[in-house]
Amino acid sequence: MLTIGDSQFSSRLFTGTGKFASADQMLAALAASGSQLVTLAMKRLDLKAGFDDILAPIRQSGVKLLPNTSGARNAKEAIFVAELAREVLGTSWVKLEIHPDPKYLMPDPIETFNAAKVLCERGFTVLPYVHADPVLCRNLESVGCAAVMPLGSPIGSNRGLETAAFLKMIIEQANVPVVVDAGIGSPSQAMAAMEMGASAVLVNTAIAASRDPVKMALCFADAVSTGRKAYEAGLAQVHQRAIGTSPQQALTAFLSE
Amino acid sequence: MSFFDTLSGLSREQLRMALYSTTAAQVEAAIEGEQGNLDHLLAMLSPAAEEYLEPMAQRAAALTRQRFGHNIGLYLPLYLSNLCANECDYCGFTMSNKLKRKVLSHDELAAEMAVIKPQGFDSILLVSGEHETKVGIDYFADILPLVKAEFSHVAMEVQPLSSEHYGILVEKGLDAVMLYQETYDPETYRRHHLRGNKQDYGYRLESPERIAPAGVDKIGLGVLLGLDDWRMDALLMGYHLDYLERRFWRSRYSISLPRLRPCVGGITPKVQLTDKGLVQLICAFRLFNEQLEISLSTRETPSLRDNLLGLGITQMSAGSRTEPGGYVNPAAQLDQFEISDERSAAEVASVLRSRGFTPVWKDWEAGWIGTN
């Protein structure tokens, strides 16, 4: 079981709600994924209009909601959205994402840290989306974030774990769960993140934009589960070359002379 | 260096020759190439690329799906005024046209919004003719809070303003500015803009450089396709986009691809852009810039709009009226241009769903005012 804050999750696959063709398709894919934590953008919710095509069906499905601050360009806007989410959705969980760069949606480390600090002080369970920066992750942990969410590659890029070397450092050092978020494009990439020791992965585009989102959600569920089991079983160490026991020029032979 | 200087430094003749002498091999390399390359954009806008529409469309559709998913944003234009102090020969609002001129009062604005809001819209585009003294910064600053109280996302398509005035409007809830150059050819521009402030080609051209620093989130570029050689105009718009993205990285960008439509007393297009050409334009820009928002207005017919959906379009209007007061009183004959797709918002949303898209009404927070 994975524990984040006060909640436990048996599935280590988290999913998103954007980019689906319809609410029905989204619900079917979420069900197939087995995901128990689902993120949704607060900017998409029309609470005034009263006809909401995203929130109501997710609520019915019983999964835990992780409202996100997507669209926020600075700490002030993100904090505003987090407070709004707590007020209208009744959850203090928030996926903190701040991207002032609309092209690649790269997270702003300074604004994210500042917002995380304020939100943690105000009692939120904060899961910040960040670049795979080990020092930033430690700093976010120290101000009270419940988990960190470093990226594998840019959002929606499906390019996989381009930050692998840094993800390994973060996983090695973290005292909070590490959720690899963004850029995971295929089940094999999700499995690789889990084998590496990630606590969970968050996948949206690769499921929602596939030809068959339900089938793809099943594939991701299998991959995440297998990757986790492999990590727990302990992967054999990788060696650069074969280890010979009787080399031609023995360097330690003198010991027995 | 402003974009005016950048543009002046380009040899249009060389670009034109390159466009019309592009080879099949160059088109193939462009389609397979990385995004953001202006030479590739040129190749994809060339006549040679017409033979590659299908592979371009396949790639454009896949890229759009990956970036924007199955979402299509819906917005509506709200015409504030048809007063205009410009004489432009392609536009129904042109000064010399004999039509009833009107500026919406608070009450009339409220009445328009009361018709629009129940249809589901949460993103509005405020449009006016260009009349600096009667419909200028004071009017905009006065009505913006009323509009922002109803719509999370507020865009404007009005005359170019000063950076200071854009800043004032951002504080009151302005999120996006659409400002179309109409044509990047100064000579063609001069021929179509006969009187008024809009004659100042350079001031208009440099407007995005005043809009972005004022903190406006989204900037819309556009050319009126048909005024000049659309391949050249589209290419130079690509140069403009490239210039802006390099300097103003916090802004989002969108483009519009309006084709010259008949209007009262207006001209007929000099260069006809066919449906095939429009498809080529949409696909070329999607392959050039995966993140670019591309909007499609009701100038186009229902069947064409439905077929263009998957290729790269991210935003559509639906059920538009192009005259001030037109939502309350649809019979008024004060249109800026004729619309072709007369389907209601609900009908368009239903078509979107049946074609596997999610109509997105809201995608912004009204509370994000002036904090960027």
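Placed from the backbone N, Cα and C atoms, the Cβ positions cover glycine too.
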Problem - 1-deoxy-D-xylulose 5-phosphate binding, same site as A:ALA182, A:GLY183, A:ASN204, A:THR205 - TrEMBL member from A:GLY144, A:GLY156, A:GLY234 - result: A:GLY156
Fill in the blank from the handout: The rounded CA-CA distance in Å from A:ASN204 (1-deoxy-D-xylulose 5-phosphate binding site) to A:LYS95 (active site, schiff-base intermediate with DXP) is 14
Handout entry: Candidates A:GLY156, A:ALA182, A:GLY183, A:THR205 (binding-site residues) - the one closest to A:LYS95 (active site, schiff-base intermediate with DXP) by CA
Key = A:ALA182
Handout entry: Recorded 1-deoxy-D-xylulose 5-phosphate site residues A:GLY156, A:ALA182, A:GLY183, A:ASN204, A:THR205, farthest C-alpha pair in Å
Key = 9
Practice task
Compute the mean position of the Cβ atoms of A:GLY156, A:ALA182, A:GLY183, A:ASN204, A:THR205, which form the recorded 1-deoxy-D-xylulose 5-phosphate site, and then list in sequence order the other residues of that chain whose Cβ is within 8 Å of it.
Solution key: A:PRO154, A:ILE155, A:SER157, A:ASN158, A:ASP181, A:ILE184, A:GLY185, A:VAL203, A:ALA206
Completion exercise
For A:GLY156 (1-deoxy-D-xylulose 5-phosphate binding site), the nonlocal same-chain Cβ neighbours (under 8 Å, six or more residues apart) come out as A:LEU105, A:ALA182, A:GLY183, A:ASN204, A:THR205
Completion exercise
Listed recorded positions A:LYS95, A:ALA182, A:GLY183, A:THR205 screened against chain B; CB under 8 A survivors are A:THR205
